[in-house]
Ligand code: ADP
């Protein structure tokens, strides 16, 4: 394989740039030509593709977002859209494509692989919802952003005796809420993977209040429901003043943590190695600090699992 392409797609995450850098540098190290595809699959269909050199990825390892930009494309989901993408890949002579993104992006990569274009998926999402890897690129940075925000909320929460509901991202996964809740000592963590027992949440809040607790923090994963609606229910059921904060897109931005930069560098380079080895339709990951790769179909059909021991621990530590 002599010419490869790289694109970022779907929701962006901090560390995608470090992954793009690793792909470009590793490919050049192995004397391959490497092409950056701008604006995800939309740009692929439109031929928004440029040759990348060593300098194209200089000074980006520390930057959030993605220099290749990201996009969502409905057209690419159609047969015609995928044909257009293949025509462009042929035009540029690109023999393999590395797709940095989440599960939606991997569905696209799987379609191209089926049509004869070897694709490798690199998990880049703050949601940590990709099976086959302990961590996705961006999760650690987002986690630290959430922790920083909740630390600040905690200061004001102590000054006024209040209950705080903090809604965090994660789509259908509760990882960000669970990790942030454990790291922040939240009283209650609500995640989609575990059924919400509203009465026990209320009982716990009242018990804490009676014991003289100055404040309570409830972390709500967005997959469970809307923070404002939940806050209203809590206020009505407890008669305690309740405030709601929806952290929103600040969780997607910022300079990637050291962990995410290293993870992105390792996973990006591993993806290039797989293409060099003639592999196709694989998703790279890290498990027990070892680089791994799995069949993309298997990754797309497996459900995401939460660490139930960690959930149990968070309950034990927040009695
Ligand atoms: P993420 O990769 O973060 O999960 P999306 O779900 O929005 O983000 O997917 C990103 C893009 O991947 C979509 O806009 C679309 O172009 C492509 N994609 C998603 N699902 C499919 C599919 N079933 N077939 C082909 N392409 C898809």
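Using the three backbone atoms N, Cα and C, a Cβ is placed for every residue, glycine included.
What TrEMBL annotates here:
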{"type": "ACT_SITE", "residues": "127", "note": "active site, proton acceptor"}
{"type": "BINDING", "residues": "11, 72, 73, 102, 103, 104, 105", "note": "ATP binding site"}
{"type": "BINDING", "residues": "21, 22, 23, 24, 25, 154, 185, 186, 187, 211, 213, 214, 215", "note": "ADP binding site"}
{"type": "BINDING", "residues": "103", "note": "Mg(2+) binding site"}
{"type": "BINDING", "residues": "125, 126, 127, 162, 169, 170, 171, 222, 243, 249, 250, 251, 252", "note": "substrate binding site"}
{"type": "DOMAIN", "residues": "3-275", "note": "domain 'Phosphofructokinase'"}
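Where TrEMBL records a feature, it is marked here on the structure.
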{"residue": "25", "record": "ADP binding site", "contacts (Cβ under 8 Å, 6+ apart)": "54, 57"}
{"residue": "72", "record": "ATP binding site", "contacts (Cβ under 8 Å, 6+ apart)": "9, 10, 40, 42, 104"}
{"residue": "73", "record": "ATP binding site", "contacts (Cβ under 8 Å, 6+ apart)": "40, 41, 42, 45, 81"}
{"residue": "102", "record": "ATP binding site", "contacts (Cβ under 8 Å, 6+ apart)": "10, 11, 123, 124, 125, 127, 129, 130, 136"}
{"residue": "105", "record": "ATP binding site", "contacts (Cβ under 8 Å, 6+ apart)": "9, 10, 40, 41, 99, 121"}
{"residue": "185", "record": "ADP binding site", "contacts (Cβ under 8 Å, 6+ apart)": "217, 317, 318"}
{"residue": "187", "record": "ADP binding site", "contacts (Cβ under 8 Å, 6+ apart)": "204, 205, 208, 213, 216, 217, 218, 318"}
{"residue": "215", "record": "ADP binding site", "contacts (Cβ under 8 Å, 6+ apart)": "154, 157, 158, 160, 161, 162, 163, 164"}
{"residue": "243", "record": "substrate binding site", "contacts (Cβ under 8 Å, 6+ apart)": "157, 162, 163, 164, 165, 231"}
{"residue": "250", "record": "substrate binding site", "contacts (Cβ under 8 Å, 6+ apart)": "145, 149"}
Exercise for the section: May I ask which of the recorded positions 11, 23, 127, 171, 215, 252 have a CB within less than 6 Å of any atom of ligand 1, listed in sequence order? Expected result: 11
Completion exercise
Here the Cα-Cα span from residue 252 (substrate binding site) to residue 103 (ATP binding site), rounded to a whole number of angstrom, reaches 17
Problem - C-alpha spacing of residue 169 (substrate binding site) relative to residue 23 (ADP binding site), in angstrom - result: 28
Completion exercise
Near ATP: residues not in 11, 72, 73, 102, 103, 104, 105 with Cβ within 8 Å of the site Cβ centroid are 9, 10, 40, 101, 107, 108
Handout entry: residue 171 (substrate binding site) and residue 103 (ATP binding site), Cα-Cα, nearest whole angstrom
Key = 12
Handout entry: Residue among binding-site residues 11, 104 with least C-beta crowding, 10 angstrom cut-off
Key = 104
Handout entry: residue 243 (substrate binding site) in three-state DSSP notation
Key = strand
Practice task
Using all protein chains shown, find which of the recorded positions 103, 127 scores highest when you count other CB atoms within 10 A of its CB.
Solution key: 127
Completion exercise
Record-annotated substrate contacts 125, 126, 127, 162, 169, 170, 171, 222, 243, 249, 250, 251, 252; largest Cα to Cα distance in whole Å is 33
